[in-house]
Amino acid sequence: MNPNQKIITIGSVSLTIATVCFLMQIAILATTVTLHFKQNECNPPANNQVVPCEPIIIERNITEIVYLNNITIEKEVCPEVAEYRNWSKPQCQITGFAPFSKDNSVRLSAGGDIWVTREPYVSCDPGKCYQFALGQGTTLDNKHSNGTIHDRIPHRTLLMNELGVPFHLGTKQVCIAWSSSSCHDGKAWLHVCVTGDDRNATASFIYDGMLVDSIGSWSQNILRTQESECVCINGTCTVVMTDGSASGNADTRVLFIREGKIIHISPLSGSAQHIEECSCYPRYPDVRCVCRDNWKGSNRPVIDIKMADYSINSGYVCSGLVGDTPRSDDSSSNSNCRDPNNERGNPGVKGWAFDNGDDVWMGRTISKDSRSGYETFRVIGGWTTPNSKSQVNRQVIVDSNNWSGYSGIFSVEGKSCINRCFYVELIRGRPQETRVWWTSNSIVVFCGTSGTYGTGSWPDGANINFMPI
C-alpha cells in the first residue's frame, strides 16, 4: 500500500470513528432529554384539569456529562393536589383522654406581653392544629386590660396561633370579632367573625384570607355563633348561629357555606328550645352538634345536620347525668332525650359531648353551681336511653379547687379513624378574683386514647398575687 493509500485509509477510519462517536453523542443526548421529561410528568387529576408542576428539589452534576452511566437525571417532584375533607373514616374507639397541650398564657403574662383573651378553641388543618381565642385588644400588663370582663367591644379580634404557642405580640389577628368559629375544608381556612352593635351586628365570612360574604343580624339581639370549630364535609361547611334572647325565645339558624359563600340557610327544627355555643363534630356524611340551652334546660341540646338536603333535627342528650352548669344534683337530675329538663336552665356554660354507639362521652365542671373543676366520663346508654346514669371511665382534668370555664370539641383525622379531642378554658381574674381588674384565660387540651393513662390536675396555675393588677 503506497503512502497515499495509507493516508486515505487512515482518514476514512478516523472519519468513520468520528461519525460513530457523533451519532452516539446524539443518542445519549436524546435519551437524557427523554428521561428528563418523563421524570417531569405529573399525573393529571381525574377531571383532566391542567396541574402545573413546580420544582421542589433539583439535583445536578456540576461537570459536563459524557457517558450515560455517569448522568444524574434532574427530577422535579410534583406537589399533591389539595382535596376537600370528607371525614368518612370511623370514630376512634377510646378508653379515655390523654394530655395533649397547655399554653400557660396567664402565668406567662406575669412577666411578658401576652394578649388578654377569652372564648378560646382549637381546630386543625390536615397537617397541624391551631388555637384560637377572642382577644381584647390589649395585653394583660396594660391599663387597657381594666374592664375586660365585658364580652362585646369593637376592639376584640380573632387570634390564631399554632397550638401550644401563647398569644404573644406577634400573633396574627385574623378578623374583627367578639364571636367566632373557624374550620378548614381541606384547601383553606374559613373564619366566621361577628362584630358590631348588639342590635345590628355583622357576621363576616373570610375564606383563604379574603372576605367573601357577610350577613347582618336577623333578630337585632346579639347575633352570635359557636366559639368553637365549624365542620366542613366535601367542601361545604356548616355553622350554627343564634340571634335573640339569651334567656327566652331566640332565632337559631344553620348556615351552609362553600368557599366562603353562603349557599343555604336552614331554620332550627325539632324539639330543642334554646341553642347557643354549639360544639360540632363530623359524623359522616353529616354533622352533629351538642350545645348550650341558656333558658330551660341543664341537659344539653343536640342538633343533627343533614349535609345532603340541609335538613335539621334536634333534641337533647339522653344522659340523666347532665352536662351544663348550674345543674341539679346527679341524684335528682333528669333528661328524656327530647325536651329541656327545666332544671336550673339559666344561665349555662359552653360544653361538649359526643356519641359512642349507645353511650355518650362528655365533659362538665365538677361543681354543679359554678365554673370550677372539670371532669370527663362515659355514660352507658347515655346517647339512646332516657335518664341513663351509669358512669364509667371518669377522669379529673382540673381539680375542684381551681377555675375552669368554657369547653369544646375538635376532631383530628388519623390514618385509620377520627379522634375526638377537647379543650378547657381556664378563666382567671374577674368576676371571681377581684384583686385584679382584668379577665383572661389559658387552655388545657386532651385527646382520646385507646391506651392506658394516669391521674392528675392541670389548672391554670398562675398565682394571682404575682399578677399585674
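Glycine too: its Cβ is placed from the backbone N, Cα and C atoms.
Listed in Swiss-Prot:
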- Tyr406: active site, nucleophile (ACT_SITE)
- Cys92-Cys417: disulfide bond (DISULFID)
- Cys124-Cys129: disulfide bond (DISULFID)
- Cys183-Cys230: disulfide bond (DISULFID)
- Cys232-Cys237: disulfide bond (DISULFID)
- Cys278-Cys291: disulfide bond (DISULFID)
- Cys280-Cys289: disulfide bond (DISULFID)
- Cys318-Cys337: disulfide bond (DISULFID)
- Cys421-Cys447: disulfide bond (DISULFID)
- 91-469: region 'Head of neuraminidase' (REGION)
- 7-29: transmembrane segment (TRANSMEM)
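Distribution of Swiss-Prot features across the structure.
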residue	record	DSSP class
Cys124	disulfide bond	strand
Cys183	disulfide bond	strand
Cys232	disulfide bond	strand
Cys278	disulfide bond	strand
Cys289	disulfide bond	strand
Cys318	disulfide bond	coil
Cys337	disulfide bond	coil
Cys447	disulfide bond	strand
Relative to the Cβ of Cys92 (disulfide bond), which residues of the same chain, six or more apart in sequence, are found under 8 Å away?
Gly414, Cys417, Ile418, Asn419, Arg420, Gly448, Ser450
Provide, as an integer number of angstrom, the distance between the C-alpha atoms of Cys447 (disulfide bond) and Cys237 (disulfide bond).
23
For the disulfide-bonded residues Cys232, Cys318, which one has the sparsest Cβ surroundings, going by other Cβ atoms within 10 Å?
Cys318
Would you list, in sequence order, the disulfide-bonded residues among Cys183, Cys280, Cys337 whose CA lies within 10 Å of the CA of Cys124 (disulfide bond)?
Cys183
Taking the Cβ of Cys417 (disulfide bond) as centre, how many other Cβ atoms lie within 10 Å?
15
Indicate the candidate from Cys278, Cys289 with the smallest number of other Cβ atoms within 10 Å of its Cβ, considering only these disulfide-bonded residues.
Cys289
In whole Å, how far does the CA atom of Cys230 (disulfide bond) lie from that of Cys289 (disulfide bond)?
10
Please give the average pLDDT for the region 'Head of neuraminidase' (91-469) in this predicted model.
98
Look up Cys421 (disulfide bond) in the DSSP assignment and reduce it to helix, strand or coil.
strand
Candidate with sparsest Cβ neighbourhood (10 Å radius) among Cys237, Cys421, the listed disulfide-bonded residues:
Cys421
What is the number of other Cβ atoms found within 10 Å of the Cβ of Cys447 (disulfide bond)?
19
